[in-house]
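Database features (TrEMBL):
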COMPBIAS  204-215  compositional bias 'Basic and acidic residues'
DOMAIN    94-201  domain 'PET'
DOMAIN    236-301  domain 'LIM zinc-binding'
REGION    195-229  region 'Disordered'
Amino acid sequence: PTWCPALFQMSGSQPQMGRGVPCLRCRGLCTGFEPHSWRKICKSCKCSQEEHSLSSELDDDRKIGRLLSDSKYATLTARLKGGDGVRIYKRNRMIVTNPNISGKDPTFDTITYEWAPPGLAQKLAMQYMELIPKELQPVAGTDGAFHRRRRLTRQLPLYDQDPAQCRGLAEGEQKLMEEFVKKYKAEALGVGEVALPGQGGGGKEQEKPQDKSIDPGRAPESPNGALESAAPAGHYRCETCKQPVPGDCPVVYADRAGYSRQWHPACFVCCRCAEPLVDLIYFWKSGAAWCGRHYCESLRPRCAGCDEIIFSEDYQQVEGLAWHKKHFACLECETLLTGKPFALANASLLCTTCSQSRV
C-alpha cells in the first residue's frame, strides 16, 4: 500500500515546533531554529520557517487533508481511526521497481516518488514524471522531493486556512477568516487531474455533474474507439505555452477551467510566481491558475511582518507592502515604527538606529 496512516501522530504546529532544526540556507552558521513569537522566521538567523524545513511529512499530509476536506476534493482525504474526525491527505506515493540485469543475479532497483498523480496506470504516471524537469521530480531522498515539500510550505501556508495558526487576527476577525476560507474552497480551490488529451474528466460525470456544462472540449465517447481520432493532430494546445500537445502524452486538466483547456505537465504553474503548482493544487481566478499564496494575496493584503492575510481594514501601507498596525516594527529591535522614521530593506523594516548599525 502506498499510504500508511499508522504513522500519523497528532502534532500542533505551535511556535515550539522545530526548535533547534538547522537552517538549510545558513549551512552551520545558524545555531538552529529559534521561534519568533509572531514572525514566521528564526530569531537566530532571520531566515524563514521554510528554510528550516520544520514540518514533517505527516504534518504536510494533515495540512492538505484539512485544505481539501469540506470541498469537492474531499475524496482525496481519509478519516483516521482515533484521529478526532481529522481528515488526512491520501497522498499517492508511487514505487517503481526496475530489474537490474547487469550482474550475474538480477537485482531490483526501487525508486519511490513521494507524490504522483492519483488514479493513473503506472505507465501514464511515469510518462507524466518524465515530462517534468528531472530536478523537480519528487523522488525520495533527492532535491526534487525537498523542493516539493518547500513549495508546499510556501504555496499553501497553514495560516492561510486555519485561524488557530494566526497570530495577527484581532477579536472578531476569526469569523471573517472562516468565511474567506469557506468561500475559496467553494469557488476557487481545485486539484488538477492527469489524462491523455481529449480524455479529461473521462467517466467522472456521475461524480461531478456540474462539469457537464463546461465540457466543450471532450470528444464524445463512442464504442468503436473513435475517441482518439475525434480530434485532429495538433488540435490540442497547452494553455500556458500555446504549443501543440501530442495525443499520446499526458496533460493536466483543471476542472474549474473546463475540459477544453489542458496544460503540459511542466506548464501547470502559478500565473503570478510561475512556480509549478504543488501536487497540482490550484486556485482558479480570472481565467488562470494561481498558487494558494498568490490567490489569497490577490483578494486581501498580506502582512510583510507576520506573513498572514490582513482582515482588518486599518493597516499600514508603504511602497506597495502592507503590515498589521501592531507588526509595523523594526526587524532587529522590534520597536514599533508608526509615525517614526524608518528604512525599508528587502521588504524588512528597520529603525534608523538599527539601519545605521547594519551598514
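Keep in mind that glycine also has a Cβ here, set from the backbone N, Cα and C atoms.
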Checklist outcome for this item: On average, residues of the domain 'PET' (94-201) score a pLDDT of 91
Checklist entry - According to DSSP, how is the domain 'LIM zinc-binding' (236-301) divided among helix, strand and coil residues? => result 17 helix, 18 strand, 31 coil
